[in-house]
Amino acid sequence: MLRLVVRRLLQLIPTLLGLSVLLFLWLNRLPGGPASAILGERATEADVARINRALGLDQPVWVQYGRFLKRVVQLDLGTSTQTGQPVWDEFVLRFPATVELSVAAMLIAVAAGIPLGYLAARRRGGWLDVTAVSGSLIGICVPVFFLALLLKGVFAVGLGLFPSYGRLSTGLDATGVTGFAVLDGLLTGEFDATWDALVHLVLPAVTLASIPLAVIVRMTRASVLEVVGEDYVRTAESKGLEKRVVRVRHVLRNALLPVVTAVGLLTGSLLSGAVLTESVFSFGGIGSFIRTSIDARDYPVLVGFIMFIAMVYVLINLLVDLAYSLIDPRVRVH
Amino acid sequence: MTAGTNRTQAGKESDAGDGSKERGESQGSKGSQGAKGSQGSGGAAGTAGTAGAVATGRAAKIDRLAELTRRTGATVGNSLWKEAFRRLRSNRMAVIGAVVIALFVVVAVVGPWVTPYSPTAQTWRGEVLANQGKFVGARGENWFGLDHLGRDMFSRMLVGARQTLLVGVVSMLIGLLLGALIGTLSGAAVTLGGRAGRRIDTVVMRVIDILLSLPSLLLAVSIAAVMGQSLTTVMIAVGVVQIPVFARLLRGSMLAQGGADYVLAAKALGIRRKRIVLTQILPNSLSPVIVQATLSLATAIIEAAALSYLGLGNPDPAVPEWGVMLSQAQRFFDNAPMMAVYPAVGIIITALGFTLLGEAMREALDPKLRG
C-alpha cells in the first residue's frame, strides 16, 4: 500500500512539470506582458527594456522558466494585482469556503445519485427509471449559472426560503478556527452560526450538485444493469443466498467500482463549476475570487489557480486509486 | 510451396514480435483509462512478454482468438453501421434527438430571413424606458417580449440560433480534426513505430493527460485570456478543450482494434502495415469518435454560454448569440426572468437534442448493449 502511494506520488512529478511548462508558455504569450502592465499603454521602448531587464525578462527563456519553477516549488505564486496580497495567502484564506461547498455538493450528489441510479436499474422501464434517466439527461444540459440564477430567483428572491448570497448572515462571525463556517460554529458552540451557514449552503450546493448528480445516477444505473447480468450474480442467486446479501455484496460492490472513479473525477471538475456557482451566490470562496480575477485580468491568480487545481486533481486521482484498492481486491494483489 | 511456407513463417515471426507489444500497450492504455482494475493483468502481460518469443507468439494468438468471440460486433465492418442505423431508427431517444436537431438547424438556416423585426433595432426603446425596468412580456406583436434595450426577443432568438449553431459546429470541428490527427498519429506510432513510436506516443499521451486533468472551463478561460474577447476566441477556446478528448479516444480505439481478427487477416494476406493502419484500423476505430462528436456539440454550446457568462464571449452586442443573450439577461433576472429563460431554454433544448442522439448512437454502436 505504501509502495503504491510512493509510486503514484513519483508519477505526479512529470505531470506537474509538464503542466508548469504549459503554464509558463501561456504566461509568456499573454498580451501586454508585465512591462506594459506596470508602465501602462504609453510606455517608451527604453522604459520597457529597463523593466524587462529588472524583471529578468531579457534572459533566455529556459533561465526564466527555471526561476518560474523555483518560485512555484516554494509556493510563491506571485502577488494578486487586485488585492496586493500573495496569491497563495488569498487561496488559503478562501479555500475552506470552496471545500465546504464542494463537499456539500458531492454529498448531495452521492447520497441521492447512487440510490436513485440503483432503484432506476432495478425497476428498469418504470416511472422512476424514466424520470431518473430523462432528469439526468436534462441536468447535464442545463448551464450551471442559469440553474444558479433560477434557484436563486425562485427560492431566495421569490419565496424567501433561503438567503440569496454569502456564507453567513451579517452579524454572525464564527469563522476563524478552521475557516469552515459550519465546523467553526460547532467548535465554538455557536450553533446558530452553524445553522445559518448550512442554510446559506443549500442553494449553492444544490446547484453545484446538479451535474455530478446526473452523471452518478446514469453511471450507477448503467453499471448495475451490467453487473446484474453477470454470471456470478446468477450463481449467487442460484446457490440460495439471501437477496439482500446478493444485492449488497455482489451487485452493489461491483457496480460501484466505475462510480468511484467517476466521483473522483467529478470532484476535480466541481472546482470549475464552483467558479460559476460561487459568483452567482457571491459565496466568497476561490470561485468568486477567480471570477473577479478573470474580469480584472489578474494573471498571477489565474496561473496559481490552474496550478493549484491541477495539484488537487492529481491528488484526488491518487485517492481514487487508493479507494480502488480498498474496494477491489484484485488491485491489491498486484 | 516453399514460398508459401516462407511467408507463413515470416508472418508468424512478425506476429510474435508485435503481438506481445500490442498486448502490453493495449492493456496499459486500458489501465490508465480508468479501468484501473486491469493493472494486474497489464503486469501479467509484461511478464509473459519476457517468457520467450515462441510461447508469447502462441499466447498472443490464443488471446487473439479468444477476443474474436468477444469482438464479433466490431469486426463486421459495414454491416455494423447498417445495424447501428436500424437500431437508431427504432430508438425513441434517437428519434426525438434527431427531430430537435433538425428543427434547430432549420431555424438556424432560415431564421435570419424570416425574423418579424430587426434583431438589432431598438424599436421599442422608449416603451422599455417608460416601464422603468419592468420586462415587456410576450404579446401580439412581440411573441417573446422585449429585451432591456427594447429589441424584439423573438427575432433575436431566431438570429441567435445561427450563431449558436456556428459556435457549436466550428468548435466541435476544431476539437475533432486536431484531436483525431493527434490520436491517429499516436495510435499509428504505437502500431508502426516500434520502440521509438511508443516513446513518442508516451510523450504525446502525457501532454494529453495533463490537458485532460485541467477543468475544461479554466482551459478555455486561459486561452480566451491570451486571445482577447471575440466570437473566434470562444470557438477556438471551446474547440481546443475538446482536442485531448478526441485524441485520447481515437488512440484508444485504434489500439483496441489493433488486435482484431480482420487486422490479423490483413497481415496474413501480406498487406503492408502502414496500409493496414490507414485502411483497416482507422476506419473501424471511428465509431466512438462520431458518438463523441455528437455529444461534443452539446458541451460546446453549453461551454460557450459559460464563457459568455464569464465575460469572455462575443463583445459585439449587435450579433445575438444565445449564450451572450443569457449572460446579458442575468443582470435583469430578478425583474425580467423571461429574458434569460428564452435563450436558456433554447440552449437546453438544443444541447438535449445532441445529447439524446449521441447517447442513442453510443448505445447502438456498443456491441455490449446489443440484445
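Even glycines carry a Cβ here, placed using N, Cα and C.
Annotation comment: TrEMBL describes A:95-324 as domain 'ABC transmembrane type-1'. The annotation transmembrane segment is assigned in TrEMBL to A:9-27, A:101-121, A:133-162, A:197-217, A:255-281, A:301-324.
The transmembrane segment (A:101-121) shares more Cβ pairs under 8 Å with A:255-281 than with any other stretch in the list A:9-27, A:133-162, A:255-281, A:301-324. Packing against the transmembrane segment (A:133-162) from elsewhere in the chain are residues 120, 199-200, 202-204, 206-208, 210-211, 213-215, 217-218, 221, 273, 276-277, 279-281: each is 6 or more residues past its ends and has a CB under 8 Å from a CB in it.
Note: the stretches the transmembrane segment (A:197-217) and the transmembrane segment (A:255-281) are in contact (3+ CB pairs below 8 A, sequence gap of 6 or more).
Through the fold, the transmembrane segment (A:9-27) approaches residues 64-65, 68-69, 72, 299, 303, 306-307, 310-311, 314, 318 of its own chain, all at least 6 residues removed from its boundaries and within a Cβ separation under 8 Å.
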